[in-house]
């Protein structure tokens, strides 16, 4: 029998290995997912071609072995002659080749840095993968929450024009309310008992002033009281005439051992609760507005004969029962002549920056007083 011409030459051009196909089809890929997809397509195409080639050979040669079960496509198989067919019957069947295409061979061509991870997954077997979140922003939001700087200052919320106008209106209302209360406090009358001092305490009387009045106004009223009483008449027959010549600048107000300048008002010391020597307040009066009409305290004062309005009984005013020796009216000329003698030697002019409550009184020589009768 003559030899037959091979009929599978048309399959020879497509008989390429997996590596060769991948080397041509994966040029330019940059993603692992694209590579895997392309590899699956190549393997599927290769298996399909192998099945087609095996089917064609089977139709022509029913006794030919089935190549569809092998891992690689069949090469061009020449048609065997009858003598060759007889010889093959006496030979053992050829062993089937295992699929030689591995991931390591494929990855030698293209690598995306996940070789170790993929090999570990293949060795360990199938693993359950965590499903991806449907919301792509969930992961980024969780990372953002982890790095929030809690020490950063809170950014104030932007205010609209209406909100700003409302806030400004509230501030103006509070300011007006404060000014009304302040004016009411300043208009409240108080009583200040005092003495004239020229080395000894000379009874003076009680002066009615307002909490908003200045010190010079108190000294002017005390000067008129001195002229009416004729203070110093036992030493000078013309005491009344001398008092008429005395001006406000010639007098000093000494409160608890502190010389109060003329330009200060009583409201300043009352609102600030200024402390003097020994931790006592210089002017201990209430900083609140006067009690409204019908209040129990006002009713009690009215029942006792006192009147809270201006020009009423001075004995019912706040401070009427204070010790007169707390407030001294002193002639400045006498002070200049005797300021080296106690108690004038320990008097000091008021300074708002000095804490008199912690000071220790000393004489001109720097010696501390263990006991002081200054009130």
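Yeah, the Cβs are placed from backbone N, Cα and C, and that goes for glycine too.
A TrEMBL annotation is a machine prediction, not a hand-curated record.
TrEMBL lists 1-26, 126-139 with the feature compositional bias 'Polar residues'. Residues or ranges marked as region 'Disordered' by TrEMBL: 1-27, 43-149. As annotated by TrEMBL, compositional bias 'Basic and acidic residues' applies to 43-52. The compositional bias 'Basic residues' annotation in TrEMBL covers 88-106. Per TrEMBL, compositional bias 'Acidic residues' is recorded for 113-125. Residues or ranges marked as domain 'FAM50A/XAP5 C-terminal' by TrEMBL: 188-360.
Per-residue pLDDT, averaged across the domain 'FAM50A/XAP5 C-terminal' (188-360), gives 84. DSSP labels the residues of the compositional bias 'Basic and acidic residues' (43-52) in these numbers: 10 helix, 0 strand, 0 coil.
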